[in-house]
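Visitor: Annotations for this protein, taken from Swiss-Prot, read as follows:
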- Cys21, Cys24, Cys39, Cys42: Zn(2+) binding site (BINDING)
Amino acid sequence: MAKADYNKRKPRKFGKGARRCIRCGQYGPIIRIHGLMLCRHCFREVAPKLGFRKYE
C-alpha cells in the first residue's frame, strides 16, 4: 500500500466524528434535539433567537 492510501478514510457512521456543528464545524458536543445539529457553544449564542428561554 502506498502512503496516499492511508489518508483515504471512509466517512464515520457513528461516534463524535460522525456529526458536525452546522454553524462552526466543530465535532465535539453536538445538540441534536429537534434537528438543531449545533455545538453547545453555538447553541448558547443563538438559543434566545430560536425561542429557547432559561428558567430558574
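Glycine residues also receive a Cβ, built from the backbone N, Cα and C atoms like all the rest.
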Visitor: Which Cβ among the binding-site residues (Cys24, Cys42) has the fewest C-beta neighbours inside 10 Å?
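Guide: Result for the binding-site residues Cys24, Cys42: minimum number of other Cβ atoms within 10 Å at Cys24.
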Visitor: Quick check: which same-chain residues outside Cys21, Cys24, Cys39, Cys42 lie with their CB within 8 A of the centre of the Zn(2+) site CB atoms?
Guide: Ile22, Arg23, Gly25, Gln26, Ile30, Leu38, Arg40, His41, Phe43
Visitor: For Cys24 (Zn(2+) binding site), just give me the three-state DSSP call.
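Guide: Its secondary structure by DSSP: coil.
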Visitor: Report, as a single number, how many Cβ atoms besides its own are within 10 Å of the Cβ of Cys39 (Zn(2+) binding site).
Guide: 22
Visitor: Mind giving me a neighbour count for Cys21 (Zn(2+) binding site)? Other Cβ atoms within 10 Å of its Cβ, every protein chain shown.
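Guide: By my count, 20.
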